[in-house]
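S.K.: What follows is a single structure, and I will ask about it in a moment.
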Amino acid sequence: MPPKFKRHLNDDEVTGSVKSERRNLLEEDSDEEEDFFLRGPSGPRFGPRNDKIRHVQNQVDEVMDVMQENITKVIERGERLDDLQDKSESLSDNATAFSNRAKQLRRQMWWRGCKMKAIIALVAVILLLVIIGE
């Protein structure tokens, strides 16, 4: 950034609106050629036209402010979407872990049921042998 512009910028103006930066540029003493490009043509013959230009410039400044607000809102929305995506991924990981644990528990319960059936069948066979053996 050229030194001419650096000396007018502080943290407040960098984060502020474009209007304050433009105002600082226009307040600086400069030669006629820079004045023409920064301020536009001036003089009595451009009076009514200059008012129209100021009016249009004010409208442009308002639109720029609205657009800056919109950009800020879009950035905030993007941050919220990133947070939502992180939460969604976490929820997906938890769902996968839950599903795996449920499958493991189902297998354990199936084996426990098989063991109980085997013990009942063994007791029934022993009872039958005792009854038949007498």
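Placed from the backbone N, Cα and C atoms, the Cβ positions cover glycine too.
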S.K.: In TrEMBL, one of 53-80, 81-108 is tagged coiled coil. Which stretch would that be?
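M.R.: When 53-80, 81-108 are checked in TrEMBL, coiled coil belongs to 81-108.
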S.K.: When secondary structure is assigned with DSSP, how many helix, strand and coil residues does the domain 'V-SNARE coiled-coil homology' (52-112) contain?
M.R.: 61 helix, 0 strand, 0 coil
